[in-house]
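In what follows, a structure is listed as structure tokens, so that the remarks can point back to it.
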Amino acid sequence: MGQKVHPFGFRLGYNKNWQSRWYSKKEYPAFVFEDHNIRKFVKKTLYHAGLAKIEIERAGGKVRLILSTARPGIVIGRKGVEIEKLRADLRKKFKREFAIEVNEIRRPEVESQLVAENIALQLERRVAFRRAMKRTVSMARKFGAEGIKVTCSGRLAGAEIARTEWYRDGRVPLQTLRADIDFGFAEARTTYGVIGVKVWIFKGELLDNEVA
């Protein structure tokens with residue numbers, strides 16, 4: 001049975017960049033764990049803001065967060081109130097100084113993490129899984145995705161036996177290194193159990209060493 005390598009790990013250093021950018025000899029394990037906790041905290045705090053990516057950079061004890069979001073207004077707040085509150089909460093919890101940069105995602109329909117979370121939300125609201133998959137696939141294609149593949153795994157429609165269903169439209173060349181493949185994963189917590197949602201979106205081919 002063929003196994004699939006993670007599309008980001010497969011392309012790291014070639015046309016994908018690391019989402020944590022720093023180096024430390026002595027504190028490496030502590031920083032990795034702290035990065036995980038920072039992402040978890042920010043994701044929980046801004047769960048309604050459509051966060052697709054949280055990048056972390058470190059320099060001289062200061063942490064810089066780069067948040068890619070579909071709703072920058074919610075993250076920043078009126079006159080920057082929300083972003084200041086987030087910075088204060090992070091400083092209090094992690095005892096570090098934080099700088100926060102917010103980038104707007106212009107086309108959330110072709111951002112795989114947001115697409116996966118959208119499908120998961122629909123499943124939690126008891127929308128039929130096939131309808132949720134087909135709706136998001138057609139929307140992604142409409143907004144310029146060259147190909148998209150969606151899989152849902154678990155007790156679909158409340159079935160006794162868990163299974164995996166998938167739907168694909170267009171090309172999704174996972175083994176082509178120069179292909180710009182975006183990958184997202186989300187979980188739908190339904191009354192029957194957890195349903196895993198995976199989304200691969202092919203956005204086109206990149207030139208040699210061009211970073212997506």
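Glycine is treated like the rest: Cβ placed from N, Cα and C.
Annotated domain 'KH type-2' per Swiss-Prot: 38-106, in sequence order.
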Q | Secondary structure content, the domain 'KH type-2' (38-106) (per DSSP, counts of residues) | A | 30 helix, 25 strand, 14 coil
Q. Across the domain 'KH type-2' (38-106), what does the pLDDT come to on average, as a whole number?
A. 92
